[in-house]
């Protein structure tokens, strides 16, 4: 029997990972507002580190649920995987809703990082009450305009936005499909899990070659070449929606990709 506590921590860490992943997109807006891209990405690295830490804790816990279930001879419990995907979607939506707050909150941190040349000094000098007060002042929910942007597709690169759906879907389902493949063929579960790098590699390649460069270059053009910030905000809003959609749709690709992983483990590797 899989321990409920392990499932709880897996879901909580998944929520944190996708929450921070959505929030990290606010870095682009902060970079444009401050025109301090290097300092902005230094602050962004904090999101990256926190996501990595959460991933490091989540992955072995998730693997253990599969190992325990297989050892005890239980049937595949796909509901756990659906629950993880649900938490991914909730985390993504939650992070997206807090983007207006975080980019206001982060602007001050970027300005201080630029002046002090150190992220550690910001933490050292930060006073909890002052930070809390600043966060309250920064608190802002998405406005009606933010949602209006989602229906205005004029001049937007729909193909690249669609690619964000694919990348997000693959990133969400990569580890999960390989773990579920271990249920389908327990004798090859180690091989199936190692194929995670293959699926994640495809999504990373698409991200590095297509989606991320487009956002970064467009942000630079807005910050330094006078490109339309309104256009960028419309584009970023659609990217956020596309990533949430990709995360949600991954629930329909979990089983098909798991069977592909089993096929690759049996026939090719």
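Every residue gets a Cβ built from N, Cα and C, even glycine.
Automatic prediction, not curation, is the source of TrEMBL annotations.
As annotated by TrEMBL, transmembrane segment applies to 6-27, 39-60, 80-99, 160-183, 195-215, 235-254.
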Original post:
Given pairs 6 or more apart, does the transmembrane segment (235-254) have at least three Cβ pairs under 8 Å with the transmembrane segment (160-183)?
Top reply: yes
Original post:
What parts of the chain pack near the transmembrane segment (80-99), using Cβ distances under 8 Å and only residues at least 6 beyond its ends?
Top reply: 2, 7, 10-12, 14-23, 25-26, 29, 62, 65, 141-142, 172-173, 176, 179-180, 240-241, 243-244, 247-248, 250-251, 254
Original post:
Taking the transmembrane segment (195-215) as reference, which of 6-27, 39-60, 160-183 has the most Cβ pairs under 8 angstroms?
Top reply: 160-183
